[in-house]
Amino acid sequence: MLYFARVWIPDPEEVWKSAELLKDYKPGDKVLLLHLEEGKDLEYQLDPKTKELPHLRNPDILVGENDLTALSYLHEPAVLHNLRVRFIDSKLIYTYCGIVLVAINPYEQLPIYGEDIINAYSGQNMGDMDPHIFAVAEEAYKQMARDERNQSIIVSGESGAGKTVSAKYAMRYFATVSGSASEANVEEKVLASNPIMESIGNAKTTRNDNSSRFGKYIEIGFDKRYRIIGANMRTYLLEKSRVVFQAEEERNYHIFYQLCASAKLPEFQMLRLGNADDFHYTKQGGSPVIEGVDDAKEMAHTRQACSLLGISESYQMGTFRILAGILHLGNVGFASRDSDSCTIPPKHEPLTIFCDLMGVDYEEMCHWLCHRKLATATETYIKPISKLQAINARDALAKHIYAKLFNWIVDHVNQALHSAVKQHSFIGVLDIYGFETFEINSFEQFCINYANEKLQQQFNMHVFKLEQEEYMKEQIPWTLIDFYDNQPCINLIESKMGILDLLDEECKMPKGTDDTWAQKLYNTHLNKCALFEKPRLSNKAFIIQHFADKVEYQCEGFLEKNKDTVFEEQIKVLKSSKFKMLPELFQDDEKAISPTSATSSGRTPLTRVPVKPTKGRPGQMAKEHKKTVGHQFRNSLHLLMETLNATTPHYVRCIKPNDFKFPFTFDEKRAVQQLRACGVLETIRISAAGFPSRWTYQEFFSRYRVLMKQKDVLGDRKQTCKNVLEKLILDKDKYQFGKTKIFFRAGQVAYLEKLRADKLRAACIRIQKTIRGWLLRKKYLRMQKAAITVQRYVRGYQARCYATFLRRTKAATTVQKYWRMYVVRRRYKVRRAATVVLQSYLRGYLARNRYRKILREHKAVIIQKRVRGWLARKHYKRSMRAVIYLQCCFRRMMAKRELKKLKIEARSVERYKKLHIGMENKIMQLQRKVDEQNKDYKCLMEKLTNLEGAYNSETEKLRSDLERLQLSEEEAKIATGRVLSLQEEIAKLRKDLEQTRSEKKSIEERADRYKQETEQLVSNLKEENTLLKQEKEILNHRIVEQAKEMTETMEKKLVEETKQLELDLNDERLRYQNLLNEFSRLEERYDDLKEEMTLIVNVPKPGHRRTDSTHSSNESEYTFSSEIAETEDIPPRTEEPSERKVPLDMSLFLKLQKRVTELEQEKQAMQDELDRKEEQALRSKAKEEERPQMRGAELEYESLKRQELESENKKLKNELNELRKSLSEKSAPEVTAPGAPAYRVLMEQLTSVSEELDVRKEEVLILRSQLVSQKEAIQPKNTMTDSTILLEDVQKMKDKGEIAQAYIGLKETNRLLESQLQSQKRSHESEAEALRGEIQSLKEENNRQQQLLAQNLQLPPEARIEASLQHEITRLTNENLYFEELYADDPKKYQSYRIALYKRMIDLMEQLEKQDKTVRKLKKQLKVFAKKIGELEVGQMENISPGQIIDEPIRPVNIPRKEKDFQGMLEYKKEDEQKLVKNLILELKPRGVAVNLIPGLPAYILFMCVRHADYLNDDQKVRSLLTSTINSIKKVLKKRGDDFETVSFWLSNTCRFLHCLKQYSGEEGFMKHNTSRQNEHCLTNFDLAEYRQVLSDLAIQIYQQLVRVLENILQPMIVSGMLEHETIQGVSGVKPTGLRKRTSSIADEGTYTLDSILRQLNSFHSVMCQHGMDPELIKQVVKQMFYIVGAVTLNNLLLRKDMCSWSKGMQIRYNVSQLEEWLRDKNLMNSGAKETLEPLIQAAQLLQVKKKADDDAEAICSMCSALTTAQIVKVLNLYTPVNEFEERVSISFIRTIQLRLRDRKDSPQLLMDAKHIFPVTFPFNPSSLALETIQIPASLGLGFISRV
């Protein structure tokens, strides 16, 4: 052992730990220095006695292998570690160990058992796929068919390990793959037996929720064609003690809890059941419910399975009655009288119910439950029993009844599975318990371990035999391998004086006990047998050394369980039951009752061989019947071993990974215990003792080619391998050379792998060294080049810098020169300018001084002038005032004198009067004066205001004047008085000014308050405006978002609906085509059955002609009546009595045909709905610019209405034709009388037509309303545009006023919308009224049509058409006048009416054209008849005698031969039809036609024959020819259906025939691409649309057959060419494989490669092109081929761990690129074939991408869009490094992927459906070939037909 070697060391916790050697081991060392994986160092002490070294670890590349025998080091830790890695890291539960399949229970539902997985494993070699129970089942099935030898699958393991599930899946595989030989669905019955047996034989234990408490061996029988015909079941060791006792957390058998859960059902009321906690036998475990299991549903499944197996309801209820009785029996209680007797309370309810259910007497049963009968030689005693004995007797009775019922159910299941057909072979599935050891082991564990000893012996012998056969086959010297033989242990148990023999002997002793039996065992075997031991501290136990482990058995209870005693009196009471079913259970107990085939607390061995009663003495019979349980178990076990030895066994070992049922949790201790117990390690030991590793020479050469030199490689691979091995491994005992393989000892493959890894590592180091040197040299050269470049640039830079310096120096000198000159010039200019400025300022100053002096003098003169003038005026005014004062004084004196005179005068009256008169005048004058004064006052006030206004300006002037006046004293003295007056005035003005200021201040305060209030109001308005703007923006945003969401949702909804409709259309098309496929399969089967019947039936009578079955059935299928069929010409057919089954198949065909028609109608309706949706979407987009919405709805309504009326018109025409036929058949004139049958038929037809017309009108109205509602649903687009405009308008509003105006505008808009709604409502009501009127008019029209029909029936046929046309013209004219008056005020409605009218006129024109065609056709027929009449006349002229002819001179005349103008028709006689079909279809060789003649020639010939029959108006000939053609094509395909050329040829010709029928049908849609000549060749008499549908269905069937042929041819090539073959040599080498050898991936002779696939694809494509197949159809075929290639490749990749590697991903991507290149070469890239390979491409990319960080996980999730989550996780789990340089995918990374993909909604299915066929379509492909140019080659042998 060398430094860094990895080893395994024992560990008490983990069993084995991995460590690394820190120091080389040398012989004699007692301690190894190890480094553990958790980072600790350890000194490992070697065993001084054995000095065994630790086990070596395998290289990482070998860890996780599918087969444990592929490991180089085969030992226990390597096996355990490999299983753990596969189970925990890769989530793989199956692993091979040589011939054994190890299955670990995952405790979780895995998606690996579906039908897709079954199909993937079907037909595959066992080593080619990953380990699986299906692979074992397929191997057994294949060996049974190949070797014609019976097979067995032995499934064993602990309770809870998954034995039952494994056996169930194996049976499901057989049922799915093989099918049944009859229509009785035997495979369903076989599977239906599982729920029954699980309900009565399975229970919940602490280890398993569905533990099988019995062993069973099921033989599935097959016939000679290896189809299931029946099955048979044998059971072993039923655990009866569970019926009466369950441990904690356990349950009784499931059936009891299912009954309790269904107790409320009406049919179960009589059982008087309740909750499971109410019964003693079901509540002891304390766990009546299993999580996730619904017992009521399970009960329904059990009953359904019983019904499927033929168990009647009465028997089912009887079974449930007995089971309910057992539950009530368990509740029977006993009361002790004394220590030796007991009693049952009177009228005890549980016992009463038990007796009622069992139909027995209460008193009798009550008596014998508390007593027993003892018989001696002379007398019989009845003895009471104690309470404990009574309870034990009650429990024994319950167990006995359950065991008998279990036996009865098994017998009935076997009867239901029994087949009357002779069984050719069988496959047995053994589901049996594994080795058991508990703390307390009793009789049950002893029997179980005894059975496992026998099975292990058989297993060891089989493994040893296989090893020996392998060595002998390869001619390797055989050396005896020492293996463990457990025959001594078996002898200890079953030999004479063995344990079982001594136990039976002790049971016969009257006073035998467990203690005495133990002493006999000690005396007999202790110290005599090495496998038998006695415990040190016990005298009631013994130890047996089994193959798995030592087991200590407690002797207590062995005798009682072996005897299994039941009181005979209790059984007699049950036999006397009135319940008929109960005595049936005890028919075998008529002679004696004692030991039965069950243990009291153990399990029941049941055999299928019934015990036959023998005649003899009573004592002898009782003795024979008293066979112990051990004896019977030994016999049944011997029978089982004989069966297994006569079959080829296959082994499945189930492992329980933990005791807590945790999913994917691995307990190493428990696993090792089970591996040791189940024999897996023994298999490893046997393999390791010889040559466990085996390689073929080619695999060895491919893997270890790197260890060879070029000179060592020879042409002979075998010799090359020998030469290399002799150099690599010097010890020749380490390997052996066989015929086809090299055999290696254990560890040699690891050594070779180490050499290979070292060689690869050395090569990698050399490559790295070379690459690194090259990179460094490249870097140095790059640096050197860069340094030279830098130097060049630096030197250039320096030179440029020096040149720049010189240029700058010269420039600086020039700049300095000019700068100095500039500075001096500028200084001169500054000084000159300063001098000029000083001069100007000085001169200005002197001028201004002189000017001011002159101005002062001038002002002084003015002041003097003004002052002197003022003084002169003042003197003048003073003098003037003095003069006036004197005048006043004088005048006053004079006035006083006058006053005195006036006073005297006033005293007189006259004076007074005069005075009064004068006063009036004065008053008036005063009044006028007052007015004048007022005016003056107003003027003065205005002046005052003006003065006040000018006060401010005048004040300054006055002040200046005052200052000037004060200069002069004289002026001051004179003006003193005036100054005072002026000061007073100033004071007054000041007061006024202050008053004005106060008023101004108050006004300003009020203005400030108003301003603040205004600003506050403005701010509030701004805030409101801002809020309104925000609300407006929010509302606009919401409007925009809602509009956008509505638009997006509507668009998404429209797209989704369109996609959904397309998917539904494809699904319907696929269902329809699958239905056709099923129909063709049934038809073929029917034909096969008829052929078999033909062979069985005797030769038919002479003269009686038997119609071919296929021909007759197909003729009935494809015979259709045309428009002018003449059924009276067809003679009735007679059939033989042997063909009475035909109507059954014909009814099936009619049902299928009806279903096909319904599917076609649904398809057409869906297509119409899709078209209507698209038209609605287009119309909704265009209606904004073209026309209003309502008009489009009305036009659609009119079009729908027109279509409905057209359909009604067609129906009326058809019914009219039928009436014509019925009337034409009757020649009597009374047929048209009112009471005649024809008249009644006419009236019934008219009534039904009127009712149907009303219904159609209502449907039209409903359709119209739906259209309008759908159009309204698309309106959000308009609202979106309106909302955007509204948003733009609202955004333009800035202030509150605009918002208010907008609000008002919205109100007005709402009122306008309301008014529009009201107007629309009124228009809707008016429209409804108009529609009612229209309905009334249609009713009247209907009445008129009925009258017209009645009138037309009385007219001759020639006048009917003209009368109907005349009536139609009259009706349209009246309707036109009516609608002109009606729509005079509404031009739009009138225009829509005119459009509808034009359409109707066009329809009438089309009708007229059809009538013209009919007339022309009749004229042609008249010409033909005239020509024939002329020929007849010529023939009559030839019969005239020569004497009657006038002699005239005969002149030679040259008659030119006119070239005949062919019409593209072929004429043949009716009797030549079979000859035509035979030469053109049945005996035609496709290869010669495809190479030498034009493509589709048979189709053209057949159509030209159909054209001629149509030209002759021969309905029978058309029908016969088409039916014969279809039947003959089917016959050819049935006969040569496996030939690709034949199927392709007839698919091409069938499509061409279908296209010809369409192209020349006369329908406008198919005539667009025709020439005028081709349009003349259209069919004129018959509408063959129904035959077109039949031909389309035939083409679909041929296409599906073509796909099956393709699949059968490609299937063997795909896996080998796409996965296994190394297209790029040397990229990957095969890894070591185990015993299950896989198909070699090396291109040996005979294996398929990618070139094989490409050649095959080229062959397919060239054949289809030669046959003239439509290009679109070729694309669909290629797409299907590529889908098959991709699906099969991906499915195999997902099921093969060895293929999931980086190098294999590169190979796959290269292969896919080659396929894509092939598509490009063939111009088929647009066929959709590349898209079908997308899952495979992504899987290959997934194998190659980096798989470590979170970014890698994100990239994987985005990249693998075509793969499901299950597929991605599966590939990551399967990813396996091929070389040591690759790394495995961590569990955390896989969990990250699962977490990221948890929201992805995809299918949980793991595999792709490789059988899926895409629905095929046949696009119309018109031919440009002119029919009249087609020449018929003589090689076809069609000389009996002629061109027309």
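Cβ atoms are placed via backbone N, Cα and C, with glycine included.
Curation plays no part in TrEMBL annotations; they are all automatic predictions.
Positions annotated as ATP binding site by TrEMBL: GLY157, GLU158, SER159, GLY160, ALA161, GLY162, LYS163, THR164.
The compositional bias 'Basic and acidic residues' annotation in TrEMBL covers 1130-1141 (among others).
As annotated by TrEMBL, compositional bias 'Basic and acidic residues' applies to 1162-1189 (among others).
As annotated by TrEMBL, domain 'Myosin N-terminal SH3-like' applies to 2-54. Summarised by DSSP class, the composition of the domain 'Myosin N-terminal SH3-like' (2-54) is 0 helix, 24 strand, 29 coil.
The domain 'Dilute' feature in TrEMBL is assigned to 1523-1799.
Annotation comment: TrEMBL describes 592-626 (among others) as region 'Disordered'.
The region 'Actin-binding' annotation in TrEMBL covers 637-659. Across the region 'Actin-binding' (637-659), the model assigns an average pLDDT of 89.
Taken from TrEMBL, the feature region 'Disordered' applies to 1101-1141 (among others).
The region 'Disordered' annotation in TrEMBL covers 1162-1203 (among others).
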Fewest other CB within 10 angstroms, which one of the binding-site residues SER159, THR164? SER159
Summarise the region 'Actin-binding' (637-659) as counts of helix, strand and coil residues per DSSP. 9 helix, 8 strand, 6 coil
Of all the binding-site residues here, GLY157, GLY160, which one's CB has the most other CB atoms within 10 A? GLY157
Please report the number of other Cβ atoms within 10 Å of the Cβ of GLU158 (ATP binding site). 24
Residues sitting within 8 A of the centre of the GLY157, GLU158, SER159, GLY160, ALA161, GLY162, LYS163, THR164 CB atoms (ATP site), not counting those, run ASN105, ASN208, SER211, SER212, GLY434, CYS654, LYS656
Once the chains shown are all counted, how many other Cβ atoms turn up within 10 Å of the Cβ of GLY162 (ATP binding site)? 25
